[in-house]
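This report refers to the structure that appears directly beneath it.
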Amino acid sequence: MISPAALSLRPSFPPLSNARQSRLRSPSFVIQALKGGRRDEDDYHSTLKALNSRGRIVPRKSLGQHYMLNSSINDQLSSIAGVVEGDVVLEIGPGTGSLTNVLINAGATVIAIEKDPRMALMVKERFGCSDQLTVLQEDITRCHIRSHVSAFLERFDTKELKYAKVVSNIPFNISTDVVKQLLPMGDLFSEVIILLQDEAALRLAGFQLHSSEYRPINLFVNFYSDAEYICKVERTNFFPQPNVDAAIVKFKLKRKSEYPQVASKNGFFSMVNSAFNGKRKMLRKSLQHICSAPKIEDALRAVGLQETARPQELTLEEFVRLYNLLSKTDQSIPESVIQIQ
């Protein structure tokens, strides 16, 4: 859902002034950033200084690297997550360490996963041998998140700390993959606060029934979490400047006991995906590979829906009831792992 205050907050973080943007784009600015001036906080000065400190590191478009220039946004991310001393926080793509710095200053122990070896080394060197930071040079979409984070949580008194948090400014090009990877980990994380592409944020947390943007991923998000669109972040707050704006989204993860009760999660999402493969088709047609049209119509009526119902008309609760009725009727609903779209 979109936070009631979100509309008044858009844009919550203003763009950099035209003068600052002009200076940032100027080739001479990179050189000027290395000379003198305050370095008390992570802003566009210190970000460029850090990138130049190791022989002018050029952000890689293939890795979706866009570094935060506005330190107040990092403060906001930490505040939304309620990071306090003793928390364990997973950060994905720490970049120059600007958000890492805020999290450590808040007293958190940070597990930073960085795919780019240049940036991983930069963050390690910045914070030295701090016992509050562990940097793992890995691809977040392939690493064993559960084993890494569980190992850290085991170091603490489980009565005091049962769950870690995720607070990240993640590369836009992997945002949906990361969301799909993290949300089912409600036994490990209490919440996930991420900065991602505004369009993706609206698609994940601001969708509406009967809209063309209503997709299986929305049901996946609602199944595993309560999602909230917090606010928009202008594109001019990043270096290099992306072609799109960003947004902060908060996912409060559900515990397993809070998941909708279905016979099989894989079977449920397989049915959902099949339903949306023929988005404009009536469910009695798109689900015929599961059971006969008359049985589907009976199940739809039992759920309180019309026989001509289409997938974009059903809430999560209605899909759950439909699946449970059909799975009782026919045990052949496929349970293979599917790609949520």
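Heads up, the Cβ atoms here are built off N, Cα and C, so glycines get one too.
Keep in mind that TrEMBL annotations are predicted by a computer and have not been checked by a curator.
The structure displayed is predicted, hence computed values, not measured ones.
What TrEMBL annotates here:
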BINDING   His66, Met68, Gly93, Glu114, Asp139, Asn169  S-adenosyl-L-methionine binding site
DOMAIN    73-255  domain 'Ribosomal RNA adenine methylase transferase N-terminal'
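Structure coloured by features recorded in TrEMBL.
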{"residue": "Glu114", "record": "S-adenosyl-L-methionine binding site", "contacts (Cβ under 8 Å, 6+ apart)": "Gly93, Pro94, Gly95, Ala120, Val123, Val135, Leu136, Gln137, Glu138"}
{"residue": "Asp139", "record": "S-adenosyl-L-methionine binding site", "contacts (Cβ under 8 Å, 6+ apart)": "Lys115"}
{"residue": "Asn169", "record": "S-adenosyl-L-methionine binding site", "contacts (Cβ under 8 Å, 6+ apart)": "Met68, Asn74, Leu77, Gly93, Gly95, Leu99, Ile194, Leu195"}
Overall pLDDT for the domain 'Ribosomal RNA adenine methylase transferase N-terminal' (73-255), taken as the rounded mean: 92
Pairwise Cα distance maximum in Å, S-adenosyl-L-methionine-binding residues per record: His66, Met68, Gly93, Glu114, Asp139, Asn169: 20
Met68 (S-adenosyl-L-methionine binding site) CB neighbourhood, other CB atoms within 10 A: 24
